[in-house]
Amino acid sequence: MYNLSCYNPSSFILVGIPGLEKFHIWIGIPFCVIYVVAIVGNCILLYLIAIERSLHEPMFFFLSMLAVTDLILSTATVPKLLSNLWMGSQKITFSGCLTQMFFLHFSFVVDSAILLAMAFDRYVAICFPLRYTTILTPQMIIKLVMSIVARSFSIILPDIFLLKRLPFCETRIIPHAYCEHIGVARLSSADISINIWYGFAVPLMTVISDVIFIAVSYTFILRAVFQLSSQGARQKALSTCGSHVCVILMFYTPAFFSILAHRFGHSVPRNVLILFANLYVAIPPALNPVVYGVKTKQIQDKFILLFSLQKK
C-alpha cells in the first residue's frame, strides 16, 4: 500500500512564493489585476475579430489563436496562485498537478509556434504580396493550425507519463506556485535523468527551432523592405511587423532570461526567481492584446468604434 501511494500520490503542496509569506495578500493584488486585464483584453480581441469581416484575414486568425492560447496559459496558473496567496489553498491533487503542468507547457509551445506562423504570414505578405491570398488559403491555414496543435500535444503529452512512472515517497512539497515538469520530477527519489534530458530536448525541438526560423523570416523581410525604392513604402512595410516584433520580444526575452537565471544564477534568491516565473506566465497574456490594440490600426479603429457605439 505504501508503494502504491508513492506511485499514485493523492496530492502535492504548492508553497507559493517561499520567504514572502507575510506579503502574499499584497502580492496577489497585482496578479489579480493582470489576470483581469488578460481575460478582458483577449476576450475583446476575440470578439472584434469574430464580428468584423474586415479582420477575417490570416494575420488576425493567428492573432485570435494567440489570444485563446494566452487565456489558457493565464487561467492554468493565475487562479490557483491567487487561491494560494489569498486563501492559503496550497493543496493540489496529483491529477490536478499533471493537468496544470500539461496546459502550462502546451500553451507555451503553442504560443511559440503561433509566433512562427505569424512571422511566416508577414514574410509572405511583404516578400510575395501578389501571391499572398493564393499561398495563405483557408486550407493552408487549417493545415498550419492542425500541425501546431498536433506538434505541441505530441511533444508535451510524454511529460505526463514521465512523471506518472516516478515514486514520490520522501516529500510532496513543491517549492513553487505552480506545477512544472522538472520541478515536480525533482521531488522523486528515483533516477530522473530521462525527465531531465527530455526537458532539455523539448525547448531545443520547439522553441529554439522556432526562434531560428523567425530570425530567418525577418532576415528575408528586412532584405525585401530595404530593396523598396520609396521611403514611405519601407515605413509602411515595417509598421505591419511592429506589433509582432514587440510580442516576440515580450515572449522570448523573459523566457531565455528565466532559463539562464535558473541554470547559472545561483546567487539570485529563490523567491525572486519564483516571483519572476509567475510574472512571466501572467504579464505577456495581458500585454499582447494591448500591444496589438495600440500598434495595429485596424484593431484600434474597430475598438474605438465598438465603444463609441455603446456610449450612444
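Note that Cβ sites are derived from N, Cα and C of the backbone, with glycine treated the same way.
Keep in mind that what you see is a predicted model, and the values were worked out from it rather than measured.
Annotation source TrEMBL lists transmembrane segment at 23-48, 60-82, 102-120, 141-163, 196-225, 237-260, 272-294. If you look up TrEMBL, you'll see 41-292 marked as domain 'G-protein coupled receptors family 1 profile'.
Within the same chain, residues 66, 108, 111-112, 115, 118-119, 122, 125-126, 203, 207, 211, 214, 218, 221, 224-225, 228, 273, 276-277, 279-280, 283-284, 287-288, 291-292, 294-296 sit at least 6 positions outside the transmembrane segment (237-260) and bring their C-beta atoms closer than 8 Å to a C-beta of that stretch. Counting Cβ pairs under 8 Å to the transmembrane segment (23-48), the stretch among 141-163, 196-225, 272-294 with the most such contacts is 272-294. Distant neighbours of the transmembrane segment (272-294): 17-18, 20, 27, 31, 34-35, 37-38, 41-42, 44-45, 63, 66-67, 70-71, 73-74, 77-78, 81, 104, 175-178, 243, 246-247, 250-251, 254-255, 257-258, 261-262, 265, 300, 303; these residues of the same chain sit at least 6 beyond its ends, with a Cβ under 8 Å from one of its Cβ atoms.
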